[in-house]
Amino acid sequence: SYEFSDCNENEYQTYVTDHSPQCILNDPLRPDTVSTPVSGNELLEAGEDCDCGAPANPCCDAATCKLRPGAQCAEGLCCDQCRFMKEGTICRMARGDDMDDYCNGISAGCPRNPFHA
């Protein structure tokens, strides 16, 4: 198994914090996933609302990969108990010269602050 050394991990964190490389920080788009949709592989693929991986996720029906009735989301920094967190809730704290990122109230993802350094 390959693991980062403490030194490499610190250098990587510094790079990500200082340069905000979008190719690393952005979630892949659903059409970018190349595999056939498979329930439980923990990848959100075309046609899936959620992919819980384990039947224990209360927001996702593991048999259909669809959100359970009343659920808005199954995972994400802005998803809490199957609901989108309120707009303005901090989902990623500022690092260095960067600014906090906030939930938008309409998605489970944590959008990057457009004014980040």
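Including glycine, each Cβ sits where the backbone N, Cα and C put it.
If you check Swiss-Prot, you get these features:
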- 36-117: domain 'Disintegrin' (DOMAIN)
- CYS50-CYS65: disulfide bond (DISULFID)
- CYS52-CYS60: disulfide bond (DISULFID)
- CYS59-CYS82: disulfide bond (DISULFID)
- CYS73-CYS79: disulfide bond (DISULFID)
- CYS78-CYS103: disulfide bond (DISULFID)
- CYS91-CYS110: disulfide bond (DISULFID)
**Request:** Could you break down the residues of the domain 'Disintegrin' (36-117) into DSSP helix, strand and coil, giving a count for each?
**Result:** 0 helix, 13 strand, 69 coil
**Message:** Spatially, which candidate from the disulfide-bonded residues CYS59, CYS60, CYS79 is nearest to CYS103 (disulfide bond), comparing Cα atoms?
**Reply:** CYS79
**Complete:** argmin Cα dist to CYS110 (disulfide bond) over the disulfide-bonded residues CYS59, CYS60, CYS78, CYS82 returns CYS78
**Message:** Just to confirm: which same-chain residues, 6+ apart in sequence, have a Cβ under 8 Å from the Cβ of CYS79 (disulfide bond)?
**Reply:** CYS59, GLN72, CYS73, MET85, ALA108
**Message:** Here's one to test understanding: among the disulfide-bonded residues CYS50, CYS60, CYS65, CYS78, CYS82, whose C-alpha is closest in space to the C-alpha of CYS91 (disulfide bond)?
**Reply:** CYS78
**Fill in**
argmin Cα dist to CYS82 (disulfide bond) over the disulfide-bonded residues CYS50, CYS60, CYS65 returns CYS60
**Asked** On a count of neighbouring CB atoms within 10 A, which of the disulfide-bonded residues CYS59, CYS65, CYS73, CYS103 is highest?
**Response** CYS103
**Average model confidence [pLDDT] within the domain 'Disintegrin' (36-117)** = 83
**Those disulfide-bonded residues listed as CYS50, CYS82, and which of them has the most Cβ atoms within 10 Å of its own Cβ** = CYS50
